[in-house]
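What follows is one structure encoded as structure tokens, with my remarks underneath.
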Amino acid sequence: MYLLVDVGNTHSVFSITEDGKTFRRWRLSTGVFQTEDELFSHLHPLLGDAMREIKGIGVASVVPTQNTVIERFSQKYFHISPIWVKAKNGCVKWNVKNPSEVGADRVANVVAFVKEYGKNGIIIDMGTATTVDLVVNGSYEGGAILPGFFMMVHSLFRGTAKLPLVEVKPADFVVGKDTEENIRLGVVNGSVYALEGIIGRIKEVYGDLPVVLTGGQSKIVKDMIKHEIFDEDLTIKGVYHFCFGD
């Protein structure tokens, strides 16, 4: 049994698998575990007896302050050193200026895509930030980063005197008739329009590539963005392939 961890800025996903094909997963707020013992206290009731079967731990983390917690947790409770996802040449070539700057979650996504779906495609991951990644002939060619939905609505709320904090959901109208509708239209639909523009431009240059959609916020706009593949486990699959796959 393998324990796979995707440490994000807002939430962290913990998943167990035996074969890299079927996954059980749980989502925790990243801020709830500040020590290895706190992490154990949250995970033990969820994993139960499966904790005794863990023989390897793989981690993709974009929150450096949590890495020590994960390391100590792995050593104390499993006597295992975790394997950390990072950009390195192997099944994927990293054709960017500084591969070390590519987030571990994006590395995992790209590895999973190449292993499971092919060597050419566009990956959209919608979380705290929204990322776009391009893979051509098994080579990572770069991408784009946009603010995520909740980052945008909280920024408007904190950065202004009167704008409210609104629910994040799609707008089914052309223009908003009140402040809440204006924000929803700008944040959610505006993000979709931006992604459509980026995807469209990529396809103009690289051809009609398939799009895979993933990430905790992707369900909000799943029906608004044209895509060929929806895989909410893409990042976790990538952690498995990177750390324990062939």
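Placed from the backbone N, Cα and C atoms, the Cβ positions cover glycine too.
The following features are taken from Swiss-Prot:
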BINDING   Asp6, Val7, Gly8, Asn9, Thr10, His11, Ser12, Val13, Thr128  ATP binding site
BINDING   Gly103, Ala104, Asp105, Arg106, Thr179  substrate binding site
ACT_SITE  Asp105  active site, proton acceptor
BINDING   Asp125  K(+) binding site
Rounded to a whole number, how many Å is the Cα of Asp6 (ATP binding site) away from the Cα of Thr179 (substrate binding site)?
36
By CA-CA distance, flag whichever of Gly8, Ser12, Asp125, Thr128 among the binding-site residues is nearest to Thr179 (substrate binding site).
Thr128
Write out, in the order they occur in the sequence, the residues of the chain not among Asp6, Val7, Gly8, Asn9, Thr10, His11, Ser12, Val13, Thr128 that have a C-beta within 8 Å of the mean position of the C-beta atoms of the recorded ATP site.
Thr30, Val62, Val63, Gly127, Gly216
Pick out which of the binding-site residues Ser12, Thr179 has the most other Cβ atoms within 10 Å of its own Cβ.
Ser12
Ala104 (substrate binding site) versus Thr128 (ATP binding site) - Cα distance in angstrom
14
Around the Cβ of Asp105 (substrate binding site), other Cβ atoms found within 10 Å total 27
Looking at Cβ-Cβ distances, which residues of the chain lie under 8 angstroms from the residue listed as 'K(+) binding site' while being 6 or more apart from it?
Asp105, Arg106, Asn109, Thr131, Asp133, Thr214, Gly215, Ser218, Leu234, Thr235
Argmin Cα dist to Gly103 (substrate binding site) over the binding-site residues Gly8, Thr10, Ser12 returns Gly8
